[in-house]
Amino acid sequence: MICRWIAFNSSKVSRSLSPFSSLLFTKSSFSVAKMDDESLPTTNSTSDHRGFYKEILFGMKKIGFREFLHGYHFRGLVSELRHVHVEEIMDELMSESSDLSVWFFKELRDIYAFRHSSFSTLLVSHVLAGQRRFKELQVILEQLLQEEGTLCELLSNSFRKWESTGLVWDMLLFLSSRLRMVDDSLYILKKMKDQNLNVSTQSYNSVLYHFRETDKMWDVYKEIKDKNEHTYSTVVDGLCRQQKLEDAVLFLRTSEWKDIGPSVVSFNSIMSGYCKLGFVDMAKSFFCTVLKCGLVPSVYSHNILINGLCLVGSIAEALELASDMNKHGVEPDSVTYNILAKGFHLLGMISGAWEVIRDMLDKGLSPDVITYTILLCGQCQLGNIDMGLVLLKDMLSRGFELNSIIPCSVMLSGLCKTGRIDEALSLFNQMKADGLSPDLVAYSIVIHGLCKLGKFDMALWLYDEMCDKRILPNSRTHGALLLGLCQKGMLLEARSLLDSLISSGETLDIVLYNIVIDGYAKSGCIEEALELFKVVIETGITPSVATFNSLIYGYCKTQNIAEARKILDVIKLYGLAPSVVSYTTLMDAYANCGNTKSIDELRREMKAEGIPPTNVTYSVIFKGLCRGWKHENCNHVLRERIFEKCKQGLRDMESEGIPPDQITYNTIIQYLCRVKHLSGAFVFLEIMKSRNLDASSATYNILIDSLCVYGYIRKADSFIYSLQEQNVSLSKFAYTTLIKAHCVKGDPEMAVKLFHQLLHRGFNVSIRDYSAVINRLCRRHLVNESKFFFCLMLSQGISPDLDICEVMIKSDELLSWTIKWGLLPD
């Protein structure tokens with residue numbers, strides 16, 4: 001059989017189709033139903049295969065090729081059809097016409113989903129190659145490669161003498177490299193060399209492309225005889241991907257290019273390489289070189305440079321380049337606008353991103369999933385979750401389906417971070433209903449959000465669901481569960497989960513241990529933290545600085561500062577360096593007990609180790625500085641000394657390039673107020689404003705409370721009035737503090753005035769606020785004023801409680817009045 005196929009293919013004598021081959025188009029009037037009544041030779045399951053395929057051939061001769069294959073009789077035979085039968089039939093058909101054999105192959109495959117043997121597939125492949133039907137050849141061989149592999153031995157042994165075998169080998173090489181079948185492509189290349197078969201430049205380029213990021217690229221390159229533009233461009237791209245940009249430029253100038261000349265594609269690779277490394281100016285110079293060489297930069301060329309400019313923050317230059325694209329005969333595409341929108345997003349300029357998208361729509365371009373993802377990221381980053389949901393709804397209304405996990409994950413993250421877990425779960429379920437399977441990232445986001453809110457039952461249910469779907473949870477997923485349990489104080493449950501992960505044999509990183517150790521430390525369970533630390537060491541896992549920082553915090557929380565100090569030395573024994581958190585945590589413990597000497601020692605040690613302090617570090621230093629002085633023994637000289645040290649501390653911060661923030665100033669102001677240096681506190685308030693830092697309500701609360709505590713009520717009134725003139729929003733605490741101070745000082749008129757302001761500004765006034773005022777007025781025997789506030793409370797729909805009634809009853813002058821109103825308690 002094989003010999004006859006080889007003889008047919010090797011013969012150069014053209015054959016005319018025999019009458020048998022015309023059966024494909026003849027006897028069209030023959031009734032298929034009538035065929036069932038004809039006497040056809042039949043076979044049973046015990047018949048030999050030769051009789052079986054003869055029955056099929058007889059049927060095709062009797063009624064016509066097409067009619068028989070589509071008839072009911074053949075449909076009944078298909079289930080018994082085997083590879084050997086098909087090969088015998090194709091043998092007969094090949095002797096008449098190769099077209100018939102190919103057609104029979106396709107009919108069985110397409111109509112009856114018959115899975116052909118590798119031999120039949122290679123046979124048809126050789127026929128198609130001989131007829132230069134390369135697209136069909138590619139489809140057939142690609143499927144064969146994916147299902148069976150290269151089958152080099154079968155190809156070598158059975159089809160060596162076919163004239164078209166070189167084309168089949170070449171196509172196999174091309175497809176195997178394109179399908180990233182590395183070992184197969186190299187083996188095919190070796191077999192082709194052994195048989196002296198010609199390898200096309202296209203196939204060589206495909207192999208070269210696959211190895212472009214390795215040194216193997218040069219071995220393939222040297223074997224290519226007829227190099228073309230694609231060959232050179234692939235080498236340049238490979239060198240750029242290997243970050244060998246100087247070699248790429250040198251190769252670009254090589255003499256091998258003299259006949260072809262460099263292409264825009266090669267310049268694009270070099271520009272992209274420089275942009276990825278942040279050397280945008282170099283990329284711009286090559287863009288100019290493209291123009292000097294008489295080449296026309298493509299849209300992709302512009303997009304590379306625009307993206308590079310956006311990544312380094314040169315958004316204005318990127319916009320200018322985009323507007324000049326039409327000068328080079330190209331127009332910005334949706335990718336261009338997406339890059340610009342992302343550039344604005346990276347700078348936090350979401351309004352600019354919206355302007356770019358509006359321009360995009362004006363140009364008649366439609367936003368894609370990437371566009372929406374960029375806008376969603378921007379809105380969620382700014383906390384505009386509702387706007388993000390509007391964008392998602394608009395995306396769906398434009399016909400986009402939830403077929404991309406990225407925008408959904410962005411939205412899920414935004415919802416979970418703002419505590420809107422019910423909406424996150426709704427979106428999560430909608431994704432599944434629309435056929436979009438959540439991935440590991442999506443599951444981890446929702447599980448983390450549920451754990452933050454303490455909804456562990458739902459979190460564990462989702463955890464089990466993802467495991468059932470064979471989505472393996474990673475450290476982030478486990479970390480979310482452990483962190484949530486620790487934050488809720490469920491340390492036993494957290495330890496149980498960690499132990500189950502350890503016993504499962506799964507490789508755990510130090511992060512998971514750190515979460516539980518930190519949970520123990522923050523709860524003051526230092527012994528349990530140390531016990532788990534021993535487990536870490538015994539397991540052979542290297543602890544991190546975060547591990548030791550948690551232990552330092554735990555010791556400090558339990559007032560064992562001496563042991564916490566020793567941890568700094570232990571860190572170094574493990575080849576690690578203490579971090580700024582290590583020192584700041586220990587400094588805070590010393591600050592709480594006013595040990596400024598130890599704080600100074602740690603500060604000097606930080607400088608010696610080259611560890612720069614942070615705003616938090618300096619806030620702790622200021623706290624220690626102020627607490628180091630006994631408040632009751634603080635005379636004017638000591639206050640001035642503290643004041644000057646605070647000013648020097650600010651100068652030190654600025655000299656180290658650390659701009660003081662609100663917390664720093666609030667810390668200084670608070671402790672200056674505690675030592676009764678109010679003038680100094682107001683000086684720092686002015687310094688704060690001069691640094692363009694807006695004082696928070698906490699800052700004003702500290703100052704107003706201090707003025708009232710130390711009896712400077714009029715100054716407090718003036719201060720609040722000046723703040724109101726500046727349209728500064730004050731907190732409820734500021735008003736109630738001053739109201740209570742006026743009541744104590746016996747100035748009910750000002751208290752009434754401020755209370756009206758409190759109500760006018762829409763604050764939620766409770767019975768506790770009325771009780772505080774009435775209580776103080778009654779103690780001062782201010783009957784009418786107490787009565788006024790009592791009536792005001794009733795007018796606001798607030799009923800008095802037992803405490804208020806008792807206070808008013810104790811005032812003799814109010815007793816009869818309370819009885820009159822029927823408010824005497826039982």
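Heads up, the Cβ atoms here are built off N, Cα and C, so glycines get one too.
Swiss-Prot lists 228-262 with the feature repeat 'PPR 1'. Look at Swiss-Prot and you will find 298-332 tagged as repeat 'PPR 3'. For 333-367, the entry in Swiss-Prot reads repeat 'PPR 4'. Per Swiss-Prot, repeat 'PPR 6' is recorded for 404-438. Annotated repeat 'PPR 8' per Swiss-Prot: 474-508, in sequence order. Summarising the annotation, Swiss-Prot assigns repeat 'PPR 9' to 509-543. The feature repeat 'PPR 11' is assigned by Swiss-Prot to 579-613. Under the heading repeat 'PPR 12', Swiss-Prot lists 614-648. The repeat 'PPR 13' annotation in Swiss-Prot covers 661-695. Annotated repeat 'PPR 14' per Swiss-Prot: 696-730, in sequence order. Marked as repeat 'PPR 15' by Swiss-Prot: 731-765. If you look up Swiss-Prot, you'll see 766-800 marked as repeat 'PPR 16'.
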For the repeat 'PPR 8' (474-508), residues assigned helix / strand / coil by DSSP: 26 helix, 0 strand, 9 coil
Long-range environment of the repeat 'PPR 3' (298-332) - Cβ separation under 8 angstroms, sequence gap at least 6: 264, 267-268, 271-272, 274-276, 278, 280, 283-284, 287, 290-291, 339-340, 342-344, 346-347, 349, 352, 363
Integer average pLDDT (0 to 100) for the repeat 'PPR 3' (298-332): 91
Structural state census, the repeat 'PPR 16' (766-800) (DSSP three-state): 26 helix, 0 strand, 9 coil
Residue distribution over DSSP helix, strand and coil in the repeat 'PPR 11' (579-613): 27 helix, 0 strand, 8 coil
